[in-house]
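Annotation comment: Swiss-Prot describes Asn11, Trp12, Lys13, Gly181, Ser220, Gly241, Gly242 as substrate binding site, evidence class sequence analysis. Under the heading active site, electrophile, Swiss-Prot lists His103. Look at Swiss-Prot and you will find Glu175 tagged as active site, proton acceptor.
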Amino acid sequence: MALRRPMVAGNWKMNGSAQLAQELFKKFATKLQDDSAEVVLCPPSIYLESVRQLLDENKEALNGCLVRMGAQNLSQHDFGAYTGEISGQMLKDSGCRYVIIGHSERRRMYGETSVIVAEKFAAAQKHGLTPILCVGESGPAREARRTFEVIAEELDVVIEKNGTMAFDNAIIAYEPLWAVGTGKSATPEQAQEVHAFIRKRLSEVSPFIGENIRILYGGSVTPSNAADLFAQPDVDGGLIGGVSLNATEFLSLCTIAMSA
């Protein structure tokens, strides 16, 4: 059985400030216990430099704990007349190691198709970033028992563009759309069922990838439900939204992941 290091990735979305970043670090930087879990902070792009500086300033306090920086999005293009966009190389230069790809809010609000998501996945890896690929079904799709079909389609487009071995350097985040930002989480059993499906599907093409890829759960994760979610055999941590803005609660999630 593969030893997959748990991950807790905090997606600030369009929230936060440089001051908030400082307050978060003051509260949790010295309290992280060890390197048994990886913590990723994904602030708005304008604050990447602030977070990078805080990581450098708190390196001694972090004492070897694995705290990385990630971005919330990137362009599928390397450069050009794409006003407001940020390329993979720019994110790499900013100190990012990870980037969220295909978040449900990007797909829904900005019309990002699975083809665009696959292109962004490729752009991330081209520039040495590890994509955190988000997949998930809507409420109506779940009610129609199409969860596996929807997720398979989203995975297959990325595989067709990039190949299965591209997932050797990737993270998958299952985020049921009906649970994102709603306060309604999937049950541990529901999450495990979908995570197991994702792992099995990748294993059919590459047993190594299937066994070793980390699959996060994203959808109203809180300190009260995290232990049961993270205890599932195919759940390797969480992609956290609003709770990542609360230092006390985010630290609690990190601590739970470290003991999972």
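Backbone N, Cα and C define each Cβ position, glycine as well.
Projection of Swiss-Prot feature records onto the structure.
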residue: Asn11; record: substrate binding site; Cβ contacts under 8 Å, 6 or more apart: Cys42, Gln72, Ile100, His103, Gly218, Leu239, Ile240, Gly241, Ser244
residue: Trp12; record: substrate binding site; Cβ contacts under 8 Å, 6 or more apart: Leu41, Cys42, Pro43, Pro44, Tyr47, Gln72, Ser244, Leu245
residue: Lys13; record: substrate binding site; Cβ contacts under 8 Å, 6 or more apart: Pro44, Gln72, Glu105, Gly241, Gly242
residue: Glu175; record: active site, proton acceptor; Cβ contacts under 8 Å, 6 or more apart: His103, Ser104, Cys134, Val135, Gly136, Tyr217, Gly218, Gly219, Leu239
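Secondary structure at Gly242 (substrate binding site), as computed by DSSP, is helix. Each of the binding-site residues Gly241, Gly242 was assessed for Cβ neighbours inside 10 Å, and the highest tally belongs to Gly241.
In the three-state DSSP classification, Ser220 (substrate binding site) falls within coil. Here the recorded positions are His103, Ser220, and the one with the most other Cβ atoms within 10 Å of its Cβ is His103. Taken residue by residue with DSSP, Asn11 (substrate binding site) is part of a strand.
Secondary structure at Glu175 (active site, proton acceptor), as computed by DSSP, is coil.
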